[in-house]
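Q: After the structure tokens below, expect a handful of questions from me.
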Amino acid sequence: MGNSDYVHPSNVECSHRVAIPPPQPFLKTLKYSLKETFFPDDPLRQFKNQPPSRKFKLGLQYFLPFLEWVPRYTLDFLKSDLIAGITIASLAIPQGISYAKLANLPPILGLYSSFVPPLVYSLMGSSRDLAVGTVAVASLLTAAMLGDEVNVKENPKLYLHLAFTAAFFAGVFQACLGVFRLGFIVDFLSHATIVGFMAGAATVVCLQQLKGILGLDHFTHGTDLVSVMRSVFSQTHQWRWESGVLGCCFLFFLISTRYFSKIRPKFFWISAIAPLTSVILGSLLVYLTHAEKHGVQVIGELKKGLNPPSFGDLVFVSPYLTLAVKTGIITGVIAMAEGIAVGRSFAMFKNYNIDGNKELIAFGMMNIVGSCTSCYLTTGPFSRSAVNYNAGCKTAVSNIVMAITVMFTLLFLTPLFHYTPLVVLSAIIISAMLRLIDYEAAIHLWKVDKFDFLVCMSAYIGVVFGSVQMGLVIAIAISLLRVLLFIARPKTLVLGNIPNSKIFRNVEQYPNANNVPGILILKIDAPIYFANSSYLRERIARWIDEEEDRIKSSGENSLQYVILDMSAIGNIDTSGISMLEEVKKIIDRRGFKLVLANPGGEVIKKLNKSKFIAILGQEWIYLTVGEAVGACNYMLQTSKPNPMKGEAETWNAV
């Protein structure tokens, strides 16, 4: 069926009308909007039609999820969680010590942070697979931000107290986001942004480990590539070959075990215990050969005993309060983004859901409690959670088992880490960081979306050649810029008729789609707001100019009608309505007619209230593009000035 076959219905009654929704009270509309913004998952649904006692129980289970699964806990679950907990403890102990060193904190804090926070999370967290502990990126950020203001060597006590305070404010920030249902803020960090930032941070962390691998005593405080390379190659005379050989051997061992476990998933435990095995072997080697006397640096004495209280050490006075708040918020954002992403990933594998806002409350409380018990920032690291998942964990009891194992280590085994070489810790960190450099994801971004690849590389370059803070700012800024571009520069499309059908599609996507003589069909592919209204007015005018130029060059019939397909316009504000009024005036001055097709409920309601429908004419609004084209073709063929006599009365009755 060609375009000439479109005829106007013989009877007006045969056409469907665009309905105007009945008016809704403002408070009801506001309530609906707030619910969709802050409660999209409708967490209060389970409380409906429940007796008060049941509501109280459900409320407790909401804030303390362990009350939900404890009654169903079985002996088989305990066996699985015991194995998983001991397995992740073997990874948590060396990683905790390593990441504490990365944050320029006493190594014992890594063990403290693997004891108390997991206990808190096991009570309040909703993920069955998340294994709680310190992470490299947050540790590096802590060192970078606090180190800019406080010299850890000159004032180690103040630096330590600020680390506790930063963890406290990170916890407060996370808990507030969870309580006020603002977890969606994390979604502004796009996948491309996170890939680039994490890869850049991992690269920086690996570069920082050259100090330990080469056995250097002095190293730059900068984290950028140029500063690190200058520091490394300006001290070639101080490189210690013993440390370098030892580090490369253990790094090769760790990478090999991880590769073996990857190709043989049943042997996941080999890569899980490899870091602890490296610590044990390295400590034995140093002890037996007295390598500490030949340039191999060791941890030294670790304090025995459980976490001492640190609430009195929190710094709430200037001039350092601002630094602690800033560090806490920035590291808290990175930590919660990683923790929620990891938790959701493993929840998807096991077909259950986690509430991001509940997770934020759990993260916040474990960091608040942790900051008062000599812990620094913790979250759910991917490497530890992956081991927990592969080990067959069933519930958060695996975190409790891990914490008990760490407690046993703190009470009885810390003297055994005296001879642990720092180069082994550097090798453990590098091995863990290499998996964060996801080059396959970057290649995928390049193939699918070049702009996403640009976002990814901008974040990566910002971190590697600037600083971690700069990279984070660049990553967030580019992500927000892209959101603004989507809003401020929406897609506008020219539609054509698919041959032998009444279907209208984008002429660029469907080259065989035909232009309808005398009619320009445009589709706006986004809501119309103040941010894009000026652009859309100019773009529509340009589309009209281009269509007139095309018609002149091809010798077709002159343009008579401009149809706006509004099916993708979910909402419109007053600026958007003013834009439509201006577009109508522009089209009227050129002797054309504006026609609207398929406006949504919210849009048609606002157009009616603003009197735009009366200005346009109720007879110029159609339910579908096909009906609009049919009516316009009918008028072109019959030269009728009005497509539907008597429709004004019909619309007045709506």
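Just so it is clear, glycine is given a Cβ too, placed from its N, Cα and C backbone atoms.
Sharing the record's features from TrEMBL:
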| type | residues | note |
| --- | --- | --- |
| TRANSMEM | 130-147 | transmembrane segment |
| TRANSMEM | 159-180 | transmembrane segment |
| TRANSMEM | 192-210 | transmembrane segment |
| TRANSMEM | 239-260 | transmembrane segment |
| TRANSMEM | 267-288 | transmembrane segment |
| TRANSMEM | 320-340 | transmembrane segment |
| TRANSMEM | 360-383 | transmembrane segment |
| TRANSMEM | 395-413 | transmembrane segment |
| TRANSMEM | 420-437 | transmembrane segment |
| TRANSMEM | 457-481 | transmembrane segment |
| DOMAIN | 509-632 | domain 'STAS' |
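Are these features on the surface or tucked inside, and what are their neighbours?
A: With a threshold of 8 Å between CB atoms, the same-chain residues lying at least 6 positions outside the transmembrane segment (159-180) that come near it are 38, 103-106, 109, 142, 145-147, 150-152, 310, 313-316, 320-321, 323-325, 327-329, 331-333, 335-336, 357-372, 374-378.
Sequence-distant contacts of the transmembrane segment (192-210), counting only residues of its own chain at least 6 positions beyond either end whose CB sits under 8 Å from a CB of the stretch, comprise 102, 136-137, 140-141, 216, 219, 223-225, 228-229, 232, 337-338, 341, 426-427, 429-430, 433-434, 436-439, 441-442, 445, 449, 452-453, 455-464, 468, 471-472, 475-476, 478-479.
Here the transmembrane segment (239-260) has long-range neighbours at 212-216, 267, 270-271, 274-275, 278, 281-282, 285, 291, 294-297, 421, 423-424, 426-428, 430-431, 434-435, meaning same-chain residues at least 6 beyond its ends whose C-beta is under 8 angstroms from one of its own.
Counting same-chain residues at least six beyond the ends of the transmembrane segment (320-340), those with a Cβ under 8 angstroms from any Cβ of the stretch are 130, 135, 137-138, 141-142, 145-146, 149-150, 158, 162, 165-174, 177, 183, 186, 189, 194, 198, 356, 359-360, 363, 367, 377-382, 469, 472.
Within the chain carrying the transmembrane segment (360-383), a Cβ under 8 angstroms from the stretch's Cβ atoms is held by residues 63, 91, 95, 100, 103, 105, 109, 112-118, 120-121, 124-127, 130-136, 138-139, 142, 163-168, 170-179, 183, 307-311, 314, 328, 331-332, 335-336, 338-340, 342-343, 432, 435-436, all 6 or more beyond its ends.
Distant neighbours of the transmembrane segment (395-413): 66, 69, 73, 77-78, 81-82, 84-86, 88-89, 92-93, 96, 108, 111-112, 114-116, 118-119, 121-123, 125, 127-128, 130-132, 304-307, 388; these residues of the same chain sit at least 6 beyond its ends, with a Cβ under 8 Å from one of its Cβ atoms.
Same-chain neighbours of the transmembrane segment (420-437): 94-95, 97-99, 101-102, 136-137, 198-199, 201-203, 205-206, 209, 211-213, 215, 243, 246-247, 250-251, 254-255, 258, 275, 278-279, 282-283, 285-286, 291-292, 296-299, 382-383, counting only residues six or more beyond its ends whose CB sits under 8 Å from a CB of the stretch.
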Q: What residues elsewhere in the chain lie close to the transmembrane segment (457-481), defined as a C-beta under 8 angstroms and at least 6 residues from its ends?
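A: Cβ under 8 Å, 6 or more out: 137, 140-141, 144-145, 188-190, 192-197, 199-201, 203-204, 222-226, 330, 334, 442.
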Q: When DSSP states are grouped into helix, strand and coil, how many residues of the domain 'STAS' (509-632) land in each?
A: 66 helix, 21 strand, 37 coil
